[in-house]
Every structure is written in structure tokens, then in C-alpha cells.
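Listed features, source TrEMBL:
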- 6-33: transmembrane segment (TRANSMEM)
- 45-62: transmembrane segment (TRANSMEM)
- 68-91: transmembrane segment (TRANSMEM)
- 103-123: transmembrane segment (TRANSMEM)
- 129-150: transmembrane segment (TRANSMEM)
- 162-184: transmembrane segment (TRANSMEM)
- 190-211: transmembrane segment (TRANSMEM)
- 251-280: region 'Disordered' (REGION)
- 252-270: compositional bias 'Polar residues' (COMPBIAS)
- 271-280: compositional bias 'Basic and acidic residues' (COMPBIAS)
Amino acid sequence: MALHLSWAFVFGVLGNVVSFLVSLAPLPTFYQIYKKRTSEGFQSIPYVVSLFSAMLWIYYALLKKDAMLLITINTFCCFIQTFYIVAYFYYAPKKEKVVTVKLILLFNIFGFGVIFLSTFFLQNPLTRLHVLGYICMAFALSVFAAPLCILRKVIKTKSVEYMPFTLSVFLTLGAVMWFFYGLLLKDMNIAVPNVVGFIFGILQMILYAIYKNCPKKMVEDPKLHQLSEHIVDVVKLGTMVCSEVNAVAPQPNETNNNGGVVQAQNIKGNTTDHDASNKV
């Protein structure tokens, strides 16, 4: 039993390290927002939902009483996600500020409040823990389904430009750490969702190996990169890891414009020569 607990502590610490790195992943995005002085083009929902997830797991860990490592990482996540939300709110247009407030009211106040009130006053502590555990597991499973969208995009575009390999590796590592942590604690609410996370992480690495050498398409949808950033942010709710990539779409119009200028100059030259010949 003591050996199991010691190994659970090791995997929990490793899970904390990986999750800490993931929680810092949106920093490049917010650096862009800071440089542009606007958060237009980005959404606040990944950070609001991340905060909601961290609040749920802290509540669950407090009831469980033997999952201190869940409390440490999710407390940090609450802090960093609050920082992201405040920074986003500061630079957001008025319309996006209203949307962010509504999301906070929906998830972090109303949603968490309903879950807290519906479970805290259950007389049987074991029943309370089981109900809350099922809620956390269901939410984590829904979060792990987020990569399905980006996997479909990779297959459709035959490009891994929007699925960084680092993301796939750390998602898989994080899922492994938290799976063994939950397994050694005999807590399936922690272990089961990370099985799904591990499977999706492996699928992403397989797709990366298949499509990494495929040539990039000349025309890309500029909204696709933003979609991938939000998917990455949502994925990290379960095991938390990513690295964001900035893609610059080529400007095919430049060649056309230059070609058009040359053609116009040729036409102008021909017209001038024609006029000169008429005068002669």
C-alpha cells in the first residue's frame, strides 16, 4: 500500500510538471494580443472553461482528501486562467467583454454553484464524492473529444501545420502521468478520462508522422489557425499541454498585382508608340 502511494506521488508530481507547462501555453497568444492592443479575433471561452474545470477538480480533491497534488496544480491553473481572462477582458472590444461576462456567469458562477449546492448538502459523504466524481469525469471526457475537430482538419488538408508535434507528445505524456496517478489511487474518475486523452495523443502523433512531409497548400483559411489555438486551449483542460504556432498565409494576390502592373505598363507603352506613329 505504501509503495502504491509513493508511486502515486511520483506520477502526481510529474503530472504537475507537465500541467504547469501546459498552463503557460497561451502566453504567445496573449503576447500577440498585447502587441496588437486588441483581443479581436480570439475568444475567451477556452480560458473560462479552463477555470471552471480547475474549480471542479479542486472541489473534488477537497472532498477526496487524499489528492493534494490535484489541488496544487489546479490552484495554479485557477490563478493563471484568471490572469488570462483579466488580460483578455482588458483588451477585448465591448461586444466581446459582454460575451465574456455572460460566459463567466454561466460556467463559473451559475454552473459551479448548481453543482456545489446539489452535491455539498448530500448527507452521505461517499455518495457526494461519487456524484461529483462522475460529473468531473463526464466533463473531462467531453473535453478530450475536442481533438476530433483538429484531427479532421489534418486529414482534410493533409497538413500538420495546425497540430504541433510538441502538443501531441505532451498531451500523451500528461495523460499517462494522470492515468497512473488515478490508477494507483484507485480513482477511476481520474484514470478513465486520461485513457481517452492517451488514445487521442497517439492518434495525433500517427497523423503527424503520416502528413509531416506533405507540401503545404498555397491558400489557407486564416480562421483555421485561430480554431486550432482554441482547440489546443480546450484540450489542455483534461491534461493541460501545448505549444502554439503562428502561421503566415501566403499572399497570392501579390503576383497578380505585379503582373497587372507590368501588363498595364506594356499597354501604356504600346499606346504611346501607336500615338507617336500616328503623329509622324
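Cβ coordinates come from backbone N, Cα and C, glycine included.
Automatic prediction, not curation, is the source of TrEMBL annotations.
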Chain residues outside the transmembrane segment (45-62) and at least six past its termini with a C-beta under 8 angstroms from it: 26, 68, 70-71, 74-75, 77-78, 81-82, 84-85, 88, 100, 103-104, 107-108, 111-112, 115-116, 129, 132-133, 135-136, 139-140, 143, 189, 230, 233-234, 236-238
Among 6-33, 68-91, 162-184, 190-211, which stretch has the most Cβ pairs under 8 Å to the transmembrane segment (129-150)? 190-211
